Amino acid sequence: MDVSYNWLNEYVDHDWSPKELAERLTMAGLEVETVRPLGQSLDGVVVGKVTAVREHPNADRLVLCDVDLGDGAPSQIACGAPNVAAGQKVPVATVGTTLSRPDPDDPEALQELTVEARELRGEASNGMICAEDELGLSDDHAGIMVLDDDTPVGTPFPEYLDAHGMPSTDAVLDIELTPNRPDAASHLGVARDVSALADSELRTPTVDTPSPGGPVAEEITVDLRDEAGCPRYVALLVRGVDVTESPLWLRRRLTAIGLQPRNHVVDVTNFVLHECGQPLHAFDLDAIADDTIVVRRTDDETPFTTLDGEERDLPEDTLLICDAEAPVAVAGVMGGANSEVSADTTDVLIESAYFDPSTIRRTAKALDLQTDSSYRFERGVDRDGQVWAAARAAELIAKLGGGTVVPGLVDEHPSPPAEKTIALRPDRLTQVLGTEVPTDEGTRLLGAIGFDVEAGEDALHCTVPTWRPDVSIEEDLIEEVARLHGYDQIPEPERVPVPSRTPEQPPEETLERQARQLLKGLGYREIYTNSMLRTDRAERFNVPPAGSDRAPVVETKNPISEEMAALRPRLLPGALEVMQHNRNHGQEALRVFEFGRVFRRAAEPDDPIVPGYSEHPALLVALSGPHAPTGWDTEPRSADIFDLKGTVETLLDDLRVPALQVRPRDAGATDEAPPVTQHHIDVAAGDTPLGTVARVRDDVAADFDLDTPVFVAEFHWAALVDSATAEQHRDYEPVSRFPVVDRDLAVLVPADQPVGPLQRAIREAGAPLLRRVDVFDTYAGEGIDEDTKSVAFTLRFGADRTLTDEEVDARLDAIVERLAENHGARLRQQ
């Protein structure tokens, strides 16, 4: 954002040069990226009086002027301007003066001209009568600049400019505003900070602000149909206006910050915008049907031609300013060509409104149209600045172009915001800053930037000004005091107090860090994905992990785009997008994990935080592609669900989740409709569901251009943490000094029988002597009945004594009997 040094100085006094001011502002949080000098010294340019004008004997387009420069005999100067006339006071560049102006072929470069005494078509010319562009004051080259009649002849022209509030030199400060400082998006906003830094009074222009109602309310009707998109709409009316060129001071203000002057009405609205930060729009009242303004949204795609002459297709739900028949402006972004002010305009309707920031942000993005107005509305303007800005513009329009401001105003403001007061404790201020800022100094600094501060017993009670939407908590006030007091004024501590004990971290943080380290060690990469996505995709994946109930998708109000219209119900769609991106860039082996929050409607309607909604932490682990890089000593194979199951078991064992149960879900038992995963394996701690391991359906994976199987594990992280941190009793078991006994056992079971339940049955029946059970072989084929498979286990028995064969055989018999009863297993004979 560009700020004119001279313009800024109209509102506050200080002793700093442009460079020094830039340094002060940067240290106070308004980062000045560059300081660009403007204008030229104009030494050698004086005020002259044209005493006579006569034709040039040898040139039709030139005249010869006798000009009194106040130094004796008049000087003869040849001039080609059409408006030169005897009796005028004009700026004259005397012989030897060097002038510079931007090169039309390269605006960043300057063209220099040194005025010399010379002959033009046989006649002497001793100087140059100057136009505004030749002096670097504007782009106007229509004629010479004519000065006030009472200006003394011979006055140095820079003195004339200074006397009229238009110094010949200026500087432009390019400030990089952060999104949390919309209040500084104007000259008054920056001047407010300067007044605090310089301990100087802020001079806000005095404006007569009318009260709602009056004659204008009888002439103009405002129908506010969308209070959410436009909480406030103010309208003023100026009649009998003669639209004309703006005076030089106004044109210089605008050109200094890179704006092109148009006419005095449009220029005034731009001036007020950059003065106070409130965007305005001026309508030609004759173009407003029935003198009625309607604020509404589009029902469907609507063609509309904006002020820049572009016909645009406005998307459905775009906020519009309309008259009784048709749209006349895109709210907060740009006006329409059908209602713009022209040279024939006589009655001007001034709009000053507050528009919802997210609504304007979405509109500007959808139209790919960024304007000075949308820039400010997107960030949030002063909720109480609309009347002042409209009245300021109305006064200037009437003053510069004639006309009358119709008394009163229309002010549609159904729900004014409540006043916000925050307590600032001096001891807390000292604690955070590490140094004491006197209470009087803190009060002065906050008061200088608009806070109403009242001293209480233990705190300062600060009423937040309406132009500071970013201030909401005590720490925000501390930040304001710190930046204005000066970060460089806060001394470095001589020593940093170090606690004797490291503060205990919450268990969820400790376990999350532990899980991250383990998963990274197993070759998984952590990802971060957007918590917002398309509504249709959110609906497609709206199946929470095991242990959570299905609930409707949480949609966002006023989404930035259709791609961010809902909150994610699970982490899976984001992970698939990341895997798709990596696969498209040549990565075959995909192993990822993510910690993130998922959102759903709350089971309890009276949710204490956000009624009707809840969010909870989740963990996702996913893999796809080759199990390992192919080498000379390895056979290539694709990762499968057992690889992921192994990762999950390793992770939960490392986190010490007790009574871990990993068991396949019954075929067809799924809450997913339509399903996005299959072959589910439920993970639980005892009877507490923790999550699910599954394979993403191939048709779903194909939607993300993934042509290899994708396996995913999703966990309710809070439930997992609760299980891992539950009080557990662990007995120490020393290594036995006695020999162990290993036996192999092969059983025949149905082909679809999972092995996990068989292992659990073996452990239960083999207790207390069974120490370990491992699967070492599965087989189906020749010699085995169809729909049957063989599973072979190695069983290890042990005790605190030497076991006999009879004891081991008894446990084996019990195991075989349990497998037969529970799973229809029978011993394999060969």
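One is the number of the first residue shown, and numbering goes on along the chain from there.
For all residues, glycine too, the Cβ spot is worked out from N, Cα and C.
Note that the structure is a prediction, hence the values are computed from the model and not measured.
Quick look at what Swiss-Prot annotates:
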- 39-158: domain 'tRNA-binding' (DOMAIN)
- 417-492: domain 'B5' (DOMAIN)
- Asp470, Asp476, Glu479, Glu480: Mg(2+) binding site (BINDING)
- 490-510: region 'Disordered' (REGION)
- 736-828: domain 'FDX-ACB' (DOMAIN)
Among Asp470, Asp476, Glu479, Glu480, the most crowded of the binding-site residues [Cβ within 10 Å]: Glu480
Env. residues of Mg(2+) site, Cβ within 8 Å of mean position of Asp470, Asp476, Glu479, Glu480 Cβ: Asn180, Arg468, Val471, Glu475, Leu477, Ile478
Overall pLDDT of the domain 'tRNA-binding' (39-158), taken as the mean: 89
Secondary structure at Glu479 (Mg(2+) binding site), reduced by DSSP to three states: helix
